[in-house]
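Only one structure is covered here, and it is reproduced in the block below.
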Amino acid sequence: MTFKTALAGATLLATLSLASTSAFALTVGFSQIGSESGWRAAETTLTKQQAEQRGVDLKFADAQQKQENQIKALRSFIAQGVDAILIAPVVATGWDAVLKEAKEAEIPVVLLDRMVDSDKDLYLTAVGSDLVHEGKVAGDWLVAEVKDKSCNVVELQGTTGSSPAIDRKNGFEQALAGHDNLKIIRSQTGDFTRTKGKEVMESFLKAEDGGKNICALYAHNDDMAVGAIQAIKEAGLQPGKDILVVSIDAVPDIFLALAAGEANATVELTPNMAGPAFDALDAFFKDGTQPAKFIQTESKLYTQADDPKKIYEEKKGLGY
Amino acid sequence: MKTRHLPFAATLVIFILAYGLCYTQFPAMLSTRVIGNLLTDNAFLGIAAVGMTFVIISGGIDLSIGSVIAFTGVFIAVMLKTTGLHPLTVFALVLAVTCLFGAAMGAVIHFLEMPPFIVTLAGMFLARGLAFVLSTDSVPISHEFYGTLQDIFWRMPGKGRLTLIGGIMLVTVGLGMLIAHRTRFGANVYALGGGQATARLMGVPIAATTVGIYALSGFLAGLSGIVFSLYTSAGYSLSAVGVELDAIAAVVIGGTLLTGGSGYIAGTLFGVFIMGLIQTYIIFDGSLSSWWTKIVIGLLLLLFILLQKGLTWASSRGFGPAHRTA
């Protein structure tokens, strides 16, 4: 009985959703990792929005962080005969067999945000951001901002050994190379978290004469920057003026800090990976255009001049 | 129909009804692709669930299998990467290890008179910990023999694939049925589930049977791990978390009594299929949250537990033959 009721409810929902889409639209399956972070939730929301705007019938499958669920979802998409598949793979390994099946069924697969270690022939393209480039955009901003003044920079790194931490550090250092007036005097991990960011910033401030020696802070993500801003305020300094703050990700909270003048710049890791993916698919279906194997998303820089209040309002509804 | 057949019959009816309902919604559900997927995607769960069926029929529980699957995968991946051993040798090695691991748990359960829940919980932590010690990262398996094995499949009419691992599951279920219903060991497992005291009176070798049951479960968890590594071409210490619970759910939905003494391996296979079917339906629909899988499985479990309770109640009132006659 219970089972029947549940299925009947499910049936009703399914009928409603089927009725709302047109018969000629593309059907695209999207296998998402899960909703482990605010950014990923925003990616899901934006993918659904993009699909709706373009009249794409999106089949969404949440893998709950499990690769086996993603493989299952892909196989079911293939069995269902969708026109294309989007996937944000939870791990890089182990996709060969199912990607081969998709290729054989002539269903193009687009990777979102993460890569796989399979042969490049097995997917149409991958959409993602260049983490090194993000670090470089942040560094370039700082170089332009301080001009010829001498500037001591402290750095809050991401989780030790993680690829965003390594790449964002590299990119930032590339931007600073050749500008001897800028020096990274301290660099430590804040684990991408707000609390660790605050703690580590407190120790930086203590070690550097109450913060008087520090001219700028570079944080590998916004959360750590938000924590550090708190620490700077508690030390009696003005974040954004006494110590410049630049970070990466562009989550809603950093726009509040930008609006309050407490942060100076953030580089966006856009959650809109689906937009470029749908563009590539549209072109591919229209006249068979083969997209490049890697489509790099824009790493946009936001400063206090970009109406941070308005962007905060736009971003807060995305599920971050 | 005998009362003890009722849960199995209920499983079959639910499976057929559910499949019919899915078919009216999505005609593509009846394609051989979906049937092939059901077999391939659930192969590792099905194999592990066969082991779990024996354990539960005997009145026990084995919480270690998810961890053993992960350990097996990591062990294979690391061995293939660091030594020149052939995958088949590694398979034999890892099956020996997991079989012994299960046997050891069975021995502790019997000789130290510990509850299976606690012993296999310890086994669960132990195996998962060992997997992490071997490697915390996902280790890819790129041995060409793996590619060969993955490319073995029979193309059914309609482009569906019966893969090697799907076949391994079907063979495992077949052998499981033979062992359960046609061997001395199988009869002993049922007797043990009916109660230790009665089993002893019937002359069942309790120690050997208990050790054998957990060894079998460990062996099948190892086999499931091999299949899982073929499925994902990698060994990852965080994989297969909670598979033991899915296996228990499949066994119960398959009509095996949680109190032990009654159940069918074939029922477990359909329990696995029902769970796979729910997932497939939700992906086909594409707008339902995937967490509905858990909700429907939860409801099904509840239904079956109530059914079991009802049967026990009915038989205690003398409405049906409660005692097993095997």
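Heads up, the Cβ atoms here are built off N, Cα and C, so glycines get one too.
Taken from TrEMBL, the feature transmembrane segment covers B:46-78, B:90-112, B:118-141, B:162-180, B:211-231, B:238-258, B:264-284, B:291-311.
Of the candidate ranges B:46-78, B:90-112, B:118-141, B:162-180, B:291-311, B:46-78 contributes the most Cβ pairs within a distance under 8 Å of the transmembrane segment (B:264-284). Against the transmembrane segment (B:90-112), the recorded stretches B:118-141, B:162-180, B:211-231, B:238-258 differ in Cβ pairs under 8 Å, and the greatest number is found for B:211-231. At the 8 Å Cβ cutoff, the transmembrane segment (B:162-180) and the transmembrane segment (B:211-231) share at least 3 close pairs (sequence separation 6 or more) and count as touching. Long-range neighbours of the transmembrane segment (B:211-231) within the same chain, counting only residues 6 or more positions beyond its ends whose Cβ lies under 8 Å from a Cβ of the stretch, are 40, 43-45, 47-48, 50-52, 54-55, 58, 60, 62, 64-65, 68-73, 75-77, 91, 94-95, 97-103, 105-107, 109-110, 116, 120, 141, 146, 149-150, 164-165, 168-169, 172, 179, 185, 189, 192, 239-240, 243.
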